[in-house]
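The domain 'Carbohydrate kinase FGGY N-terminal' feature in TrEMBL is assigned to 4-250. Per TrEMBL, ADP binding site is recorded for THR12, ARG16, THR265, GLY308, GLY408, ASN412. If you look up TrEMBL, you'll see THR12, ARG82, GLU83, TYR134, ASP243 marked as sn-glycerol 3-phosphate binding site. Here TrEMBL flags THR12, THR13, SER14, THR265, GLY308, GLN312, GLY408 as ATP binding site. Annotated glycerol binding site per TrEMBL: ARG82, GLU83, TYR134, ASP243, GLN244, in sequence order. Per TrEMBL, domain 'Carbohydrate kinase FGGY C-terminal' is recorded for 260-446.
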Amino acid sequence: MPPYILAIDQGTTSSRAIVFDSQGVQVAVAQQEFHQYFPKDGWVEHDALEIWDSTISVCCNALEKAGIRAVELAGIGITNQRETTVIWDRATGQPIHHAIVWQDRRTASVCTKLKSDGYEDLVVERTGLLIDPYFSATKVTWLLDNIDGARQRAETGELAFGTVDSWLLWNLTKGQSHFTDATNASRTALFNIHTQDWDEDLLTLFRVPRALLPKVLDSAADFGVTAEEWFGGPVKVAGIAGDQHAALIGQACFEPGMAKSTYGTGCFLMLNTGDKALRSENRLLTTMAYRLDGKPCYAIEGSIFVAGAAMQWLRDGLRLITDASESAGHAEAVGVDNSVYLVPAFTGLGAPHWDPNARGAILGLTRDTGIAEIVTAGLQSVCYQTKDLVRAIRNDGAPLESLRVDGGMAVNDWVMQFLSDILCVTVDRPSVTETTALGAAYLAGLQTGVFESLEQISGMWERERQFQPDMKPALRESLYAGWLDAIERVCNH
Ligand SMILES: Nc1ncnc2c1ncn2[C@@H]1O[C@H](COP(=O)(O)OP(=O)(O)O)[C@@H](O)[C@H]1O
Ligand SMILES: O=P(O)(O)OC[C@H](O)CO
């Protein structure tokens with residue numbers, strides 16, 4: 001059995017490739033950022049060709065750094081930014097437009113109309129999601145309605161739709177495979193999470209022709225074989241999962257009640273609910289945790305659109321810091337008792353508020369507010385938003401006693417301690433923080449026999465540091481009350 005696995009982690013701001021060995025140890029990594037396009041207020045696009053070019057380039061770099069040839073790879077696992085929508089021409093492989101990114105809010109008015117027409121219940125019941133521009137369905141409709149000839153070409157089967165996993169798979173296999181996995185499908189608002197198939201009523205509601213759609217497979221499956229030219233020999237693509245689902249797997253949250261929270265561009269908290277699709281009464285999402293051997297495992301998810309992206313804005317927009325790592329120094333100087341609140345609702349608010357029209361604000365400024373207070377407020381906003389999610393999860397009756405964390409922002413000790421304090425839960429940080437890529441590698445490894453079972457993978461999880469709550473309840477409550485007040489002011493009631 002060839003001992004290595006190549007994990008592709010195609011994120012919102014960069015493409016990464018990581019080579020893992022059969023112990024789940026990282027051997028080599030390569031990363032490349034790509035352009036973000038903001039053509040109008042609330043619109044966010046990527047060039048799908050640039051996504052592909054950066055991905056294939058980091059794959060080759062990582063293999064070169066590791067000194068590994070195709071024949072030494074057991075398989076490839078793909079994990080990806082979710083919901084982002086690509087439509088391409090099956091004959092030429094050319095996208096018909098830029099990819100519409102998950103953060104894009106251009107379909108907000110369409111969603112408002114669908115909700116006022118009373119369709120939300122149908123969408124919640126079938127997909128576990130809500131009606132929101134975040135999900136792929138209205139993005140597909142927008143492309144079919146706004147690109148010349150697209151609707152007709154979609155109906156005759158000339159075009160293909162995919163989330164980023166499908167788009168990469170299509171390119172890796174040179175058009176041989178048009179598949180996705182159940183986790184990615186579950187983010188489109190077109191997939192019925194109970195029947196595990198595309199839903200005819202939803203295809204009609206969103207006016208999406210079935211001919212456009214990829215076939216949905218398990219998260220560990222035979223997705224196809226790469227074209228020889230990419231890696232000098234064929235390699236099996238054996239695992240696919242959306243990045244948050246892959247992180248859940250990489251964090252070995254396989255038992256109901258286990259939860260992880262990933263702090264990258266956005267923040268996504270996911271709690272495993274086992275074989276039950278728990279319906280949230282508090283505007284959280286029901287989603288696939290993963291699907292293995294045809295068996296769906298479900299999760300409940302809270303999605304926050306802006307987490308680390310707030311640090312990027314403080315760095316690039318306001319130029320208050322030159323690097324995100326400086327933020328901890330500011331926070332240590334200010335301390336937790338900060339009366340400034342930054343609500344980073346740059347593209348609306350996600351769970352549990354779901355307000356696409358909310359916009360950001362900085363509140364509580366006084367004459368002595370300085371850079372340090374604003375930067376600290378940016379860090380605290382991520383923790384307060386997580387508390388909004390945890391409250392909603394608990395109100396849904398799901399227990400959450402501890403949280404496994406990962407993502408770029410999880411390296412910040414100050415943030416992780418404040419998170420534990422404000423949530424009043426134990427926060428566990430693993431020694432491997434590249435959990436998303438690791439999850440994709442686990443899936444490919446399960447399919448190709450490198451890993452035997454989820455039990456084996458559970459035994460491989462290792463804690464690097466634990467953060468315990470250490471804040472007086474009165475302070476916790478008053479800080480959080482200030483946040484709720486700030487949220488109330490930015491929501492567009
Ligand atoms: N020390 C730090 N403190 C706070 N935020 C950080 C720190 N280091 C990185 N970040 C933030 O983490 C994010 C990058 O995380 P990553 O997991 O690579 O994101 P993504 O996969 O979404 O591209 C950036 O938005 C960055 O601002
Ligand atoms: O690219 P990330 O890590 O911010 O993740 C994006 C999410 O998958 C969007 O739902």
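Every residue gets a Cβ built from N, Cα and C, even glycine.
Small disclaimer: the values here were computed from a predicted structure and weren't measured.
On the structure: features taken from TrEMBL.
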{"residue": "SER14", "record": "ATP binding site", "Cβ contacts under 8 Å, 6 or more apart": "GLN31, GLN32, GLU33, PHE34, SER54"}
{"residue": "ARG16", "record": "ADP binding site", "Cβ contacts under 8 Å, 6 or more apart": "ILE8, ASP9, GLN10, VAL29, ALA30, GLN31, GLN32, VAL58, ALA437"}
{"residue": "GLU83", "record": "sn-glycerol 3-phosphate binding site", "Cβ contacts under 8 Å, 6 or more apart": "TRP102, TYR134, PHE135, SER136, LYS139, THR163, ARG187, THR188"}
{"residue": "ASP243", "record": "sn-glycerol 3-phosphate binding site", "Cβ contacts under 8 Å, 6 or more apart": "ASP9, GLY11, THR79, ASN80, GLN81, ARG82, THR262, THR436"}
{"residue": "GLN244", "record": "glycerol binding site", "Cβ contacts under 8 Å, 6 or more apart": "ARG82, THR262, PHE268, MET270, GLU301, THR436"}
{"residue": "THR265", "record": "ADP binding site", "Cβ contacts under 8 Å, 6 or more apart": "GLY11, THR12, THR13, VAL306, ALA307, GLY308, ALA309, GLN312"}
{"residue": "GLY408", "record": "ADP binding site", "Cβ contacts under 8 Å, 6 or more apart": "TYR263, GLY264, GLY308, ALA324"}
Looking at Cβ-Cβ distances, which residues of the chain lie under 8 angstroms from ASN412 (ADP binding site) while being 6 or more apart from it?
ALA324, SER325, SER327, ALA328, LEU379
Where does GLN244 (glycerol binding site) sit in the DSSP three-state scheme?
helix
I need the neighbours of the glycerol site defined by ARG82, GLU83, TYR134, ASP243, GLN244. Which other residues of that chain put their C-beta within 8 angstroms of the C-beta centroid, in sequence order?
GLN81, THR84, TRP102, ARG187, GLY242, PHE268, SER303
Quick one, of the binding-site residues THR12, GLN312, which Cβ has the fewest other Cβ within 10 Å?
GLN312
Taking THR13, ARG82, TYR134 as the binding-site residues to compare, which has the smallest set of other Cβ atoms within 10 Å?
THR13
Based on a Cβ-to-ligand 1 distance below 6 Å, what subset of the binding-site residues ARG82, TYR134, GLN244, GLN312 would you report?
GLN312
Conformational class of THR12 (ADP binding site) under the three-state DSSP mapping
coil
Do any of the binding-site residues ARG16, GLN312, ASN412 touch ligand 2, in the sense that the CB is under 6 Å from one of its atoms?
none
Count the other Cβ atoms sitting within 10 Å of the Cβ of GLY308 (ADP binding site), across every protein chain shown.
22
Tell me, what is the mean pLDDT of the domain 'Carbohydrate kinase FGGY C-terminal' (260-446)?
93
Checking the spread of the ATP site as listed (THR12, THR13, SER14, THR265, GLY308, GLN312, GLY408): what is the longest Cα-Cα distance, in whole Å?
14
Indicate whether GLU83 (sn-glycerol 3-phosphate binding site) is helix, strand or coil by DSSP.
coil
